[in-house]
Amino acid sequence: MNSAQLEIQIIASLVAIACAIPGTFLVLRKMAMISDAISHSILPGIVIGFFITQDLNSPFLILLAAITGIITVILVEHIQKTGLVKEDTAIGLVFPALFSIGVILIAKNANDIHLDVDAVLLGELAFAPFDRLIISGIDIGPKSMWIIGSILTITIGLLIAFFKELKVSTFDVGLSASLGFSPAIMHYSLMTISSITTVGAFDAVGAILVVALMIAPAATAYLLTTDLKKMLGLAIFFGVFSAISGYWIAHWLDASIAGSITTMLGLIFLMVYLFAPNKGIIAVFYREKQQRTEVSLLTFLLHLKNHNEESERHVNHLNEHINWQKVRSRSVLDLALKNNMITIKNNIVSLTKKGDDFTTQAIDYIITNENAQIEDMKEDFFLFRG
Amino acid sequence: MNIQDYFSLVLNDYTLRTITLGTAILGAVTGMLGSFAVLRKQSLLGDAISHAALPGIAIAFLLTGVKDSYVLLLGALISGLIGTFWIRSIITKTHLKSDTALGLILSVFFGFGMLLLTFIQKQPNANQAGLDKYLFGQAATLVESDVILLSCVTGICLLVMLLFWKEFKILLFDEDFTKTIGFNTKTIDILITSFIVLAIVLGLQTVGVVLMSAMLLAPAAAARQWTNSLSTMVILAAVFGAFSGVFGTAISASQNNLATGPVIVIVASIFVLISFIFSPYRGLLFRQIRFIKNRRDLKLHKTLAFMYHIAENHENISHPHTVKILNNFHGYTRGTLQKLVDKNYVSLDGQMWSLTEEGFKTAANLYSQQSKKDE
């Protein structure tokens, strides 16, 4: 691993951290698509800034582009306020228009400037170490590392300083306003930070992939925890992990670094989405299946309790009476037997003492529907699962 | 070449005619289907789908090694559908919200697509050049077979839409009701979504991944401003879309260095802007005019009511008073007084005014709502 490789990994990790922090709040505030809009609509800002400064890394350009990002947010909000279209339509109308203006500006001046749309959208991390910051003749590292480093420092500083304000205004706008923290100021500060981060990161990972770095780690973390601090920590961890592993995959495949970082983010999300302990797809399916069986069992026991005549309690009759398929009735019957709820004699099913008590309790619960009884029931059902 | 040249050339020149026809048809079909996306509050789905289609194009190329646009579009269609259904499942199965799901799938699929595209570019295969035209689209690459394909799809869309019109409409406005009267909402839903995906995928070649969502939204959002009827909206959206296509092509053909996709999007956005401002019922301009007019009427009423309270105290209601006493009243201006005179509610004599019989009556009934006539 040479120094250029190390620098690329450091830059990628810094970008990942800088994106994960505002990204977490965007996801929690249900404004994830705003980051997509900002990342596209900064293009005209970048182009105009480039006309003026002729330097993609100048702070002035970053400022100008970030202002374009904020203008996008304000435009979207204004269109939304007119009530003519819904919010998501407003987003979908504003950013393609601004992006088109940017593309046209580039195309019309293609001969004068060294800037193309691909570079802005996709970025090229591999070239980042070659553009070095030299102060009074001393080489102190790649420019983009310093840019994203300072953005990250500001972000972390603000995060620590205003953590509780951000937290309150994210989860309860009304409370935050009544406590005296203006939700509007929080909103626009967050938007400003997101814009600046997007601009600062675009020439390393490209505008669209900034969106991935903002949303994917936060979404993945949100599936694993409901604690804000843990979520921030997990999002940063996922971001940095994909940044570094993505770099090595790109190295191995000889393909775009930004692309493979995003792919890693996607894979991590897929894994968590499938296997997360409580909110993952498999856990959800398993839980739904459990609940279905539990309800079936309860229905079955209630049916038994309601009918004393033997003909109603014959195994074959039950099959058609409750209208279940064979497999399902068999599994419910087995479950009930295993838990000593029923006994079967000559294909006649009858409740045991335990089953009878349980059913009475269940009926009580259904009739009274009091919350206090839920806790007991939960434990009873828990027994069944074993 | 200027715009006039362009229109004379359209009829004769094969390339221009093909491109114009292609963008017009594309605009019409996306406008039509976009109406459904906009009304179902799925505006950003188009953005997500168009990005999600990219890896499909790359994988189709990797598997077949040919750059046949049908094969690539099939790949795009499949990966677009996978993206759409994954978004669905994220929204329904987890507590992540739709914006997160959209942004996530959009960026992750796009990133994966970029990984594959850069991987393909490094392959020793001379055939791979030009795959990146799907990023920004190149209307210039449209050929006659593409236009025929587009027309066929548009025809099928129209047919399906006419067949399932009432199902689509009812699902759009009241999903629960649809379910209760026995329609299979899932099937209708999948049908609409699949057609939206299809339209987006077809547009990729022309306007590209990044700008496709605007093609879907802009004509529909513009059409929405002019009407409250679904059928009118769909037709208007198709017309707006087609015109954006034609004008966009015309403008980009008449200038050097102008890509067609962005110009079409700008034209469509101008349509939206015009509709936002000038549509008669919802438009901002007329809304503002109505607002000002109402405020003026209110001021007029207030002045009249003020005069009424003065005149009330005199036996002769037409007893003249000086204009000066009105000066302290904030509803009063020279203009409002003149208006009252014009309406024959007040007669003016030099610096003195007096209420007429008619004015007195109107003022007396002003707040009792007995007079039906609304000023």
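Note that the numbers count up from 1, one per residue, in the order the chain is shown.
Glycine residues also receive a Cβ, built from the backbone N, Cα and C atoms like all the rest.
As written in TrEMBL, here are the features:
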- B:21-39: transmembrane segment (TRANSMEM)
- B:70-88: transmembrane segment (TRANSMEM)
- B:100-120: transmembrane segment (TRANSMEM)
- B:141-165: transmembrane segment (TRANSMEM)
- B:190-218: transmembrane segment (TRANSMEM)
- B:230-251: transmembrane segment (TRANSMEM)
- B:263-286: transmembrane segment (TRANSMEM)
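Ranked by Cβ pairs under 8 Å to the transmembrane segment (B:190-218), the stretches B:21-39, B:70-88, B:100-120, B:263-286 are led by B:21-39. Of the candidate ranges B:70-88, B:141-165, B:263-286, B:141-165 contributes the most Cβ pairs within a distance under 8 Å of the transmembrane segment (B:21-39).
Sequence-distant contacts of the transmembrane segment (B:141-165) (same chain, six or more residues past either end, CB-CB distance under 8 Å): 18-19, 21-23, 25-26, 28-29, 32-33, 69-70, 133, 188, 191, 195, 198-199, 202, 205-206, 234.
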